[in-house]
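Report on the following structure.
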Amino acid sequence: VSGDVSSSCCLPLHLNEDNARFGLLAALILLYLLCGAVVFSALEHPSELQAHRHWDQQLANFTEQNSINLKSLHVLLKQYEEAFAAGIRVDKLRPRWDFSGAFYFVATVVSTIGFGMTTPVTVAGKIFLIFYGLLGCAATILFFNLFLERIITMLAYIMRWCHERQLRRSGVGGEEARSEDDSLEGWKPSVYYVMLILGIAALLIACSASALYSAMEDWDYFESLYFCFVAFSTIGFGDVVSSQRESYKAQEAYRLGNCLFILMGVCCIYSLFNVISIIIKQTLNWILGKLDCSKAQCPCRGRPYRRRAPGKRFTNASVETVCDSETDAGRRLSGEMISVNDFMANKVSLAILQKQLSETAHGNPRQSHVRQNGFSGGVGAFAIMNNRLQETSVDR
């Protein structure tokens, strides 16, 4: 069966496959949200009720002991809430809107962390924030994607170097040398190693930063780890925020270290989230493949295709069926199919990330990432948009 016949078999199902993947992911996310709501409600709601009872008792005791009208006290507390939103605290904190405070604020804006400790209160400041954040957040997301590309490039070279050393230790010379070359040519760096390395790097950064925060902020170590995850993942609740006191020992060095740790942590966690999202996508493909190709009426059941070299069309035979793979347009974009051992019965490509790993490890030029219509590949969310634009232009 030729590659063209296989393509014509599954290409009409392209939109259906994409919609099915999207619907399945939406349903799983909704289920994930429902489960999370149940767990957090069970864990936190009793504490919330207890805090309300404790606060009401404190108010009653205070008004009784000091002969203060409860209504007047409520007015004062409401005024304090407004002052709190403007950055005023009972304990002295660093100035919110001097240059260093404003720089800290804009860094949390463009990184999308948004702790909420500092917010603009003037109409002009809120209007400026809308336009400033629109451009700044977009530029920072681009920076994170380019950072991820460079991390992938570096890791691919490192993994290739380690693989070469392992082959050399197994013996060199004559037939073995030729076998080594053949083995290198067919070797593909695994995206799971990338996920493991990024996870270890993020953990090391978080543990090191937590040791710093425990010493400087008087937090316990677990609370410091909690802050690291909330900050690095850009969730940014704002309940715990670093570098907010009026003064510290070695203040300038600490603030510089704080910024560097947050920058490195955000970059690593963003990269890790992108890699995990690829694994999730492949899991969805596997689930849909099992659902679709288990049906006897599957039109492309049992029609395998072969991995292709760059620039060549698909031919018949080899490791996966057309239904178990991604769509034909997705295969055109991903280039060479890359197997992932021990993950699933039907081997699937890891698309852009795996392709970049393979090309970098084998020293292929990056021009292969530039498509004929000018859309570049990229990774992460950047790749999703570019791939869809490329795919649409090809289908036309």
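Just so it is clear, glycine is given a Cβ too, placed from its N, Cα and C backbone atoms.
Please treat TrEMBL annotations as automatic predictions, because they have not gone through curation.
Annotated in TrEMBL:
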{"type": "TRANSMEM", "residues": "22-43", "note": "transmembrane segment"}
{"type": "DOMAIN", "residues": "94-151", "note": "domain 'Potassium channel'"}
{"type": "TRANSMEM", "residues": "102-121", "note": "transmembrane segment"}
{"type": "TRANSMEM", "residues": "127-148", "note": "transmembrane segment"}
{"type": "TRANSMEM", "residues": "191-212", "note": "transmembrane segment"}
{"type": "DOMAIN", "residues": "202-280", "note": "domain 'Potassium channel'"}
{"type": "TRANSMEM", "residues": "224-241", "note": "transmembrane segment"}
{"type": "TRANSMEM", "residues": "253-273", "note": "transmembrane segment"}
Is the transmembrane segment (22-43) in contact with the transmembrane segment (127-148), using at least 3 Cβ pairs under 8 Å (sequence separation of 6 or more) as the test?
no
Are there residues at least 6 beyond the ends of the transmembrane segment (102-121) whose Cβ is under 8 Å from a Cβ of it, and what are they?
85-87, 96, 128-129, 132-133, 136-137, 139-140, 231, 234-238, 241, 243-244, 259, 262, 266
Counting only residues 6 or more past its boundaries, what in the same chain has a CB within less than 8 Å of a CB in the transmembrane segment (22-43)?
280, 284, 287-288
Across the domain 'Potassium channel' (94-151), average pLDDT on the 0 to 100 scale:
90
Summarise the domain 'Potassium channel' (94-151) by DSSP state, stating how many residues are helix, strand and coil.
41 helix, 0 strand, 17 coil
In the same chain, which residue numbers or ranges, 6 or more beyond the ends of the transmembrane segment (191-212), come under 8 angstroms Cβ to Cβ?
151-152, 155, 159, 221, 224-225, 227-229, 232, 254, 257-258, 261-262, 264-265, 268-269, 271-272, 275-276, 278-279, 340, 343, 350, 353-354, 357
